Amino acid sequence: MPQATMIFPILFTFFLLLSSSNAAVQDFCVADLAAPEGPAGFSCKKPASVKVNDFVFSGLGIAGNTSNIIKAAVTPAFVAQFPGVNGLGISIARLDLAVGGVVPFHTHPGASEVLIVAQGTICAGFVASDNTPYLQTLEKGDIMVFPQGLLHFQVNGGEAPALAFASFGSASPGLQILDFALFKNDLPTEVIAQTTFLDAAQIKKLKGVLGGTN
């Protein structure tokens with residue numbers, strides 16, 4: 001009986017190692033975008049239906065449309081756009097910032113981010129969980145890392161358009177923009193006022209700008 005008790009955890013661990021990652025047992029797991037996405041990502045396409053185009057994404061050479069309220073555009077090459085990264089723990093995106101452009105405070109719940117500036121000047125930073133801010137003005141060629149789940153931002157700090165590329169440690173890093181979470185939905189004004197100490201008039205103004213109600 002003691003021997004059987006010892007064998008069971010060993011077998012269980014062995015089973016977990018075999019089943020924990022498609023990448024551990026096959027070369028790749030191209031996402032089957034026709035299937036639903038689960039907590040572990042998309043299921044794999046059958047190898048016979050995989051094409052070279054599944055491993056190629058051509059959208060990062062095209063400037064995004066910055067004619068919007070934040071004067072910024074993000075072109076993602078996440079698993080939904082680039083099925084070849086499924087299961088590999090990587091993805092990338094292009095960031096265009098017009099003069100005065102800003103990516104408001106946001107988080108990526110599923111991944112850390114590395115930002116490299118390709119053109120212009122970008123003021124970027126994040127706030128640690130102890131509320132310490134870390135800010136830096138980045139020039140062409142500079143790189144900054146944003147740890148997973150922490151609030152961070154990017155602002156065009158120059159007098160010309162800025163361009164950057166961001167890589168992520170997940171095929172689907174997720175995104176939540178703080179301003180949108182507060183003011184671009186039907187979260188009641190009184191609740192926001194109680195939890196942020198903003199006055200109702202300011203909240204309604206921000207809801208009006210961002211398309212929220214209540």
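Just so it is clear, glycine is given a Cβ too, placed from its N, Cα and C backbone atoms.
The signal peptide annotation in Swiss-Prot covers 1-23.
If you look up Swiss-Prot, you'll see Cys29-Cys44 marked as disulfide bond, on the strength of similarity to another entry. Cys29 (disulfide bond) carries neither a helix nor a strand DSSP state and counts as coil.
Per Swiss-Prot, the feature domain 'Cupin type-1' maps to 58-204.
Non-local neighbourhood of Asn65 (N-linked glycosylation site): Ala73, each in the same chain, at least six residues away, with C-beta under 8 Å from its C-beta. Sequence annotations record features per position, and here Swiss-Prot assigns N-linked glycosylation site to Asn65 based on sequence analysis.
Each of the disulfide-bonded residues Cys29, Cys44 was assessed for Cβ neighbours inside 10 Å, and the highest tally belongs to Cys29.
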